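Asker: Below, the features straight out of Swiss-Prot:
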TRANSMEM  16-36  transmembrane segment
BINDING   Glu39, Ala42, Gly44, Pro441  Ca(2+) binding site
TRANSMEM  57-77  transmembrane segment
BINDING   His62, His378  Fe(II)-heme a binding site
TRANSMEM  101-121  transmembrane segment
TRANSMEM  147-167  transmembrane segment
TRANSMEM  182-202  transmembrane segment
TRANSMEM  235-255  transmembrane segment
TRANSMEM  267-287  transmembrane segment
TRANSMEM  310-330  transmembrane segment
TRANSMEM  338-358  transmembrane segment
TRANSMEM  372-392  transmembrane segment
BINDING   His376  heme a3 binding site
TRANSMEM  414-434  transmembrane segment
TRANSMEM  452-472  transmembrane segment
Amino acid sequence: MVQRWLYSTNAKDIAVLYFMLAIFSGMAGTAMSLIIRLELAAPGSQYLQGNAQLFNVLVVGHAVLMIFFLVMPALIGGFGNYLLPLMIGATDTAFPRINNIAFWVLPMGLVCLVTSTLVESGAGTGWTVYPPLSSIQAHSGPSVDLAIFALHLTSISSLLGAINFIVTTLNMRTNGMTMHKLPLFVWSIFITAFLLLLSLPVLSAGITMLLLDRNFNTSFFEVAGGGDPILYEHLFYFFGHPEVYILIIPGFGIISHVVSTYSKKPVFGEISMVYAMASIGLLGFLVWSHHMYIVGLDADTRAYFTSATMIIAIPTGIKIFSWLATIYGGSIRLATPMLYAIAFLFLFTMGGLTGVALANASLDVAFHDTYYVVGHFHYVLSMGAIFSLFAGYYYWSPQILGLNYNEKLAQIQFWLIFIGANVIFFPMHFLGINGMPRRIPDYPDAFAGWNYVASIGSFIATLSLFLFIYILYDQLVNGLNNKVNNKSVIYTKAPDFVESNTIFNLNTVKSSSIEFLLTSPPAVHSFNTPAVQS
């Protein structure tokens, strides 16, 4: 056991470790968000005894856990490691031992993050860690330093993983698997890896300067010494904006596969989908200052960032309409993954529309730092990244585990989280339009109604997550019985471009990507000879 899981160099085992870490961190992050919502359920101090610092520590804990320890490990580390080698017919990733260390620095980062909340009064800086609030004057203990170390460790992990994915995709494709034949999920991980490679060094530079400012008396962000805190914001958001595309692009890849399968049609405009993802990735580097409209940028700078941000809506629109064109006229089967995919389309579009409002520099003067922004990015993350994560889990887990989940329970879980998430985040737009600020644990009585509604929604969503944990348990215990009761996903695959040959176990099935042609669960080493792409 220790040999297999601690020293593992097998991409599939490492992927399972990533999933376990992601589920654990997701539970912790959800618990924090529930405490936040309980505190905000009514005006006045509810649970935190008026401790605003603790409230902000919960906010930063919730944010960092959900972003760096749930979405990225699950979508990139989990699905990426498991499926990318299978889909291109590779034996493993290019650097199996780098893969191992890339995982094992994450638990260390988690330890640093938890420790930072426990020493002194915690890092109450918000996930952006802006100086001067994060400076040694305002946060005197080691909390912020530990949070910076946590971010450094997750950066190292993601960089190593990104290098691994890029080299694997370029060098280890099977015979006949040209770049034009790559499945869309592989493309999405490939593009995400480039984004990580280009943006993370800038974040590391910024937080290292902050570390030096705090402990070694430099003044990068210290006005008294000729520094400028705005420099930190530029460095942080040059990472922070590509980061949100890093979180969602693997989701795009998953949704493409799910929509194709359950409509029984190839994806509409596959090459255009790849170019759209690449354009989104490229443009993501050119728009960072739309997070900073109110720091005193020039009018022409604000005009540029407004226009550039709106241009991102074009490739995003191409993707949405291509998915709709894939569904249109298809033979649609509303299995759980397809429900998540359709919900993703509606809610991600909704989040994108509020984003178009926020892109305007003049409107953002009113919206900045209000709950309108919180509503916007939780629509695209909670109902974009997380819904695609669930879609991918329900789509691939029967193939990965050889065990089926209970379809009826899974659909109940979908409707619970669909209703819950909307009830939480839709009212936040109203609160933001009325000027309720973010990161504040108390508010005037006028905001009480919608906050109460949002807090009820968080209970519904949390209930659905408890149900998901039970579905996992049921899948592992009763998976074979469920397989008899559910029609498995494999018989509804879209007839597409990959022919099976003798190395596959199911010679009758045609599939748009190789992974469903293997045994279920796949062998520890899937391809001892190169797979052949027709």
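Glycine too: its Cβ is placed from the backbone N, Cα and C atoms.
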Asker: Could you say whether, by DSSP, Gly44 (Ca(2+) binding site) belongs to a helix, a strand or a coil region?
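Answerer: Reduced to three states, the DSSP call for Gly44 (Ca(2+) binding site) is coil.
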Asker: Hey, does DSSP put His378 (Fe(II)-heme a binding site) in a helix, a strand, or just coil?
Answerer: helix
Asker: Taking the Cα atoms as reference points, how far is His376 (heme a3 binding site) from His62 (Fe(II)-heme a binding site) in Å?
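Answerer: That separation, Cα to Cα, works out to 17 Å.
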Asker: Highest CB neighbour count within 10 A among the binding-site residues Gly44, Pro441?
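Answerer: Answer by Cβ density within 10 Å: Pro441.
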Asker: Would you kindly check 101-121, 182-202, 310-330 and say which stretch has the most C-beta pairs under 8 angstroms to the transmembrane segment (16-36)?
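Answerer: Highest pair count goes to 101-121.
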Asker: What same-chain residues lie close to the transmembrane segment (267-287): Cβ under 8 Å, and 6 or more beyond its ends?
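Answerer: Same-chain contacts beyond the flanks: 180, 182, 184, 187-188, 191-192, 194-195, 198-199, 238, 241-242, 244-245, 249, 252-253, 256, 259-260, 305, 308-309, 311-312, 314-316, 318-319, 322-323, 325-326.
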Asker: When only pairs 6 or more apart in sequence are counted, do the transmembrane segment (101-121) and the transmembrane segment (57-77) reach 3 or more Cβ pairs under 8 Å?
Answerer: yes
Asker: Of all the binding-site residues given, His376, His378, which has the fewest Cβ neighbours within 10 Å once its own Cβ is left out?
Answerer: His378
Asker: Within 10 Å of the Cβ of His62 (Fe(II)-heme a binding site), how many other Cβ atoms are there?
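Answerer: Counting Cβ neighbours of His62 (Fe(II)-heme a binding site) within 10 Å gives 20.
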